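Have a look at the structure below before the remarks.
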Amino acid sequence: QAMATTAVGLSAVNLTGGFLVTKKMLDMFRRPDDPPEYFQYYLIPPAAAVGVFGVLGATGAASPALASTLALGSGLGCVAGISQMSNQATSRISIIAGLGGVGMGLASTLYMMNVPPSVYLQLAGAAALGGVAGQQIAHRVGPTQLPQAVAGFHSLVGVAAASTAIADFMIHDFSKLDGFHASSIYAGAWMGGITATGSVIAFGKLAEMMDSKPLQLPGRDAMNAAMAGTSLLGLAGFIGSSNPTTAGAALATGTLMSGAMGLHMTASIGGADMPVVITLLNSYSGWALCAEGFILNQPLLTVVGALIGSSGAFLTKIMCDGMNRSLVNVIMGGFGTEAGAVQTAEGLVHTEINVDDTAALLRDAQKVCIVPGYGLAVAQAQNDIAAVANSLREQGKEVKFAVHPVAGRMPGQLNVLLAEAGVPYDMVYEMEEVNEEMENFDVVLVVGANDTVNSSAVNDPKSAIAGMPVIEVWRAKHVVVMKRSVASGYAGVDNPVFYNDNTDMLLGSATETCQGLRNAV
């Protein structure tokens, strides 16, 4: 019972915090001239359905068939919520659709549980505490902290899934469990373990509590294979045994092995691959939730888990394509693992420029491209850069922002930062779009980006990032790179662009240089 209560509380943290953080981020994409929105009225139908169902339940007129119908509506609401995310114009409707879907799902689930009032009170208390915690977390999360917040939420899903699986095993007569139910319990605990520990390591790296470089233990691939093999043996022992003690030992072994795999495999992935890790953990959390649905015989959990798992898998594929990497290569390797990964540019000289000269270059240009990176997020300089862009546009310049698909520490982080600063989303372009016209830009201003504009990816087949699609800024007429120093980026690979004849380095604190550039332009 304690494990089940823990799962409810952690799920409430994730649910409340996730919705509030998502709403906060999506609201940043609203433009000043956008018409008023009344999406909240879309909540009326699901709220009415829940209200009517509640009245019927209180009077004894509700039925399992009616609850199943409500659960079907819940699943459709969740599907609609995700589908609306595909377009900026409808993205904020997704929150309403998701809320309606989850609300109907909770009502259906609570009815089907049919437990004593004391248990409902216990669930309500755990959910309330978790909801308050989620609200407080969401209140403190900004675009800069978004990646580690997402990783943290994923870890809660993992713990909740593992707790649910273990608790379900403990309350059932194991000898009467069929093979499918037993497999679901094992899968839920295993996926929960790897999601929880992997997310904790990802959180530590993203929050810079841990070194971003990959952990390189001797024989690490053999270690991963051994842990995976032990997990499979545990599954066989769990399903094949009729002895609860033996089955419990097998379940514990599988859960511990999955936790160890999550720790080791995520620690072995380099910092530059964190965007892929985030999407992969998102997929893991979905499949863990899917397993929970099978364990608890709750189709809604299965549907929502499958949605999260599949969408996370698709996004992981997109991220890997954006880095010209295979998923196996990311999991088993990561940047910075080859002997020549950390390269230095000894003997090369860079050219420096000051703020006033940079402002003069921008004023003289007719076409400008601004390429933001994670350094922009760290410096919280998005408002200053947005002001620079607005000033240039008022002067008749054509200004575009170019965002790499894996810029920042998670997909979309830079887009959210720019939206927070009031940059219209129709000014933000993808990598392929700006690369097609790179020679036409008079000036490219790189703000806190490094690996995503590194020419080694294109020109050096021996580089650790060889083949990774990058924003090819070096092809522009003039490049100004704003960085604290000429040190290598998150991948630990030096950038030859810094030493090109058409590149000037504007070194120093991005906060100060961006403010100075704003005033000068």
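Just so you know, glycine gets a Cβ as well, placed from its N, Cα and C.
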For the transmembrane segment entry in TrEMBL, name the matching range from 301-320, 361-380. 301-320
Using Cβ distances below 8 Å and needing 3 or more such pairs, separated by at least 6 in sequence, tell me whether the transmembrane segment (38-59) contacts the transmembrane segment (183-203). no
Leading stretch by Cβ pairs under 8 Å, where the reference is the transmembrane segment (6-26) and the options are 65-83, 150-171, 183-203, 301-320: 150-171
Select the range from 65-83, 150-171, 183-203 that forms the most Cβ-Cβ pairs under 8 Å with the transmembrane segment (301-320). 65-83
